[in-house]
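To keep things clear, I will list the structure first and then write my remarks on it.
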Amino acid sequence: MSEPRRRDALRWAGSVLGLVLLGGAATVLGGTAWPLVGAVLVVTTAVHAPRAGWRVAFFLTLLAAFALEVSFAWFTAHSGWSFATDNTVVWTLSGLCAVPFAAAVGPPTLTRRQLVDAAAVLATPALVLAYLAWTSATGYYEWLGWAMAGDSANNMLLVRTLIDDGGLLRSQGNPAPLSTVIYAAWAAPGVPDDAAGVVKHVVLNGGQLTLLTGALLSILSSLTALRTSRLSGSRRVALAMTAGLLPWLWCVMGYSFRQGFQNAAPAMAILLLAWSCWAVQRRHPVASVTGQILATWAMAATWGPVLLIPALWFVGVAVWQQRRLRAAGRTLLLPFAAMIGAGVYAVLVTLKDLTATGGVPGVDGGTPNYDPWWALGVGIALLALSVACYRWLPRETVWGYWLLVPGLAAGVYQLSSARVEAGLPYWGYYPIKLTWIVMATALLVLFSVLQPPLARVARAGWGGNGLVLAFVACMATMFWTTPPLRPATIPSVLTPSWLNYDTSMDRAYERLFALMEENPRTIVSDYGPPPMPLAFDSAINFWLLQSGSVDLNDPLRNYAYSMNSADPAALCGAINQWGGDVRVVTRAQKLERNILKACPDAVFTVEVIGAGR
């Protein structure tokens, strides 16, 4: 390395060091994880970009972060520090590890086209997040309901328990902990001491991370489309922005928010990262095979039924690129190290979890409307098209899909068989969730596959670029398989619009946290305003009882789902299950008398409030 280049490399290493330390200081002083996490991800990607390229460095950095974060969380419970402190220290050390690489390799370069692509890729998620920030700032009530739907209360319990324990413990009974770990790592800095503050902090930070995961999907979708497109100039920017809009449809991030599926968006992100690594195997075989190992490792900790897909892609890369892998020399140490880490995690964690839980789960739960026959029809149609158009399609696309199909089929078969053994219909909660996660991710890839040929059709017909045709084809596919809520309006189709529009429960949740701040051991009855006081009360009680539960196995949670707050006997059951010393807030003058009739020995107080509250 020449003297000028050495000076540039040292200045670059100093910049990396300064950015990491600045991010760490901002995290410690600001009580929020994003400055340090963002700084480390950016500098790690930038440091390895000169050798691997910006995209591949970005893909591997994210996959390694997912896999190592969940593995690290198994040790933090025994460190004696808080989970926030552990994460701050380890993320800072991880960032500092990039400094010697920066000094050895030197600064990366960015071409004008790469800068334009980066701006185009970031445009849609930036606009979405800005729109939602405006929603939060201009609402009449505090904007809360968007982060509290579906399974969000269960997620809050898992995250709160992990933060309290300082990390992962097998006693937590979480066989798919990655989403809980990353949400806990995000929420741990700045967590307050009071019960109401903890719940609100965990919920809102969880919602923020889900939004950022949606933004990540948007970025990955745009990168996938740009990789296969020959468009340039403003049309290339339009392509990136259109592809970036797909994750914000009802059928991707919409279901994640409506159902409270905390692990869905991370699973989609890992699966799309695995596809991105699969697609670069000809130019970067070592990076591709490393990416599949890391994706399989991360997916095993995110949601096991999906891991067969990156595992099959790993086999495909290893077979297809075996000659180039044999000639790779010392660079094979990278996938071998990843393989050792994944193997150790599988033996020490995954296999023990499967043994403890009895294998594949066979339970039921709330799901979106999802037609299995339409999903099967779409899969068969795509399979037929991939065979018919084999000559014209990229080999990575065709073989990637052909390997995906048996991985998905095996997962659906396992989950459906578990349901049948549990006495449930074969099609239900987990098979739907698996099919939806894979199909929603495939939708983002499908756009990039359809746009080039449809661009030729549009160019010959009216001078277009195929963006609208590809977007409409993807939307129509999901409309048939899993239609949005009817009538199909902009809020029911576009997730950001729905998050802005559906604020009907914000008033209830604002009152919830006000009540918790006064006394977390509270139940409400005949409390809500017309026209739907019982629905208002039920929403508040659901979160009060969930927040008062110790963990997911606490019997108090049963009352969160089933208690009729207008029934004194049901109130008695919840009060006694909670252990007494419960405050009941109501507008009904006779409620205390009615509860005492139902359970004279219960320990509770009744607070009757006036019309002004």
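Heads up, the Cβ atoms here are built off N, Cα and C, so glycines get one too.
Counting same-chain residues at least six beyond the ends of the transmembrane segment (56-77), those with a Cβ under 8 angstroms from any Cβ of the stretch are 41, 44-49, 83, 86-87, 90, 162, 165-169, 177-178, 181-182, 184-185, 216, 266, 269-270, 273-274, 276-277, 280, 284, 287, 290-291, 294-295, 297-298, 301-302, 338, 341-342, 345, 349. If you look up TrEMBL, you'll see 56-77 (among others) marked as transmembrane segment.
According to TrEMBL, the transmembrane segment annotation covers 89-106 (among others).
The feature transmembrane segment is assigned by TrEMBL to 118-137 (among others). With a threshold of 8 Å between CB atoms, the same-chain residues lying at least 6 positions outside the transmembrane segment (118-137) that come near it are 110, 143, 211, 214-215, 218-219, 222-223, 226, 236-237, 239-241, 244-245, 248, 496, 499-500.
Residues 55, 62, 117, 120-122, 124-125, 128-129, 132, 147, 182-183, 186-187, 236, 239-248, 252-253, 256-257, 262, 265-266, 268-269, 272-273, 275-276, 279, 444-445, 447-448, 451, 495 of the same chain lie 6+ residues outside the transmembrane segment (209-226) yet bring a C-beta within less than 8 angstroms of a C-beta in it. Residues annotated as transmembrane segment in TrEMBL: 209-226 (among others).
Look at TrEMBL and you will find 238-257 (among others) tagged as transmembrane segment.
The feature transmembrane segment is assigned by TrEMBL to 293-320 (among others).
The transmembrane segment annotation in TrEMBL covers 332-352 (among others). Through the fold, the transmembrane segment (332-352) approaches residues 67, 71, 74, 170, 286-287, 289-290, 293-294, 296-297, 300-301, 304, 325 of its own chain, all at least 6 residues removed from its boundaries and within a Cβ separation under 8 Å.
Here TrEMBL flags 372-393 (among others) as transmembrane segment.
Residues or ranges marked as transmembrane segment in TrEMBL: 398-416 (among others).
Residues or ranges marked as transmembrane segment by TrEMBL: 428-450 (among others). Long-range contacts of the transmembrane segment (428-450) within the same chain, counting only residues at least 6 positions beyond its ends with a Cβ under 8 Å from a Cβ of the stretch, are 217, 220-221, 224-225, 227-229, 242-243, 246-247, 251-252, 255, 261, 264, 267-268, 271-272, 275, 303, 305-306, 309, 360-368, 370, 372, 375, 378, 382, 393, 397, 404, 408, 411-412, 415-416, 418-419, 466, 469-471, 473-474, 477-478, 481-482.
Annotated transmembrane segment per TrEMBL: 462-480 (among others), in sequence order.
Away from its own ends, the transmembrane segment (398-416) comes close to residues 275, 278-279, 305-306, 308-309, 311-313, 315-316, 320, 360-362, 379, 382-383, 386, 390, 426-427, 430-431, 434-435, 438, 442 of its chain (Cβ-Cβ under 8 Å, at least six residues beyond either end).
Sequence-distant residue pairs (6 or more apart) of the transmembrane segment (462-480) and the transmembrane segment (238-257) include at least 3 whose Cβ atoms are under 8 Å, placing the two stretches in contact. Same-chain residues lying 6+ beyond the ends of the transmembrane segment (89-106) with a Cβ under 8 Å from its Cβ atoms: 1, 5, 8-10, 12-13, 15-17, 19-21, 23-24, 36-37, 39-40, 43-44, 47-48, 50-51, 72, 81.
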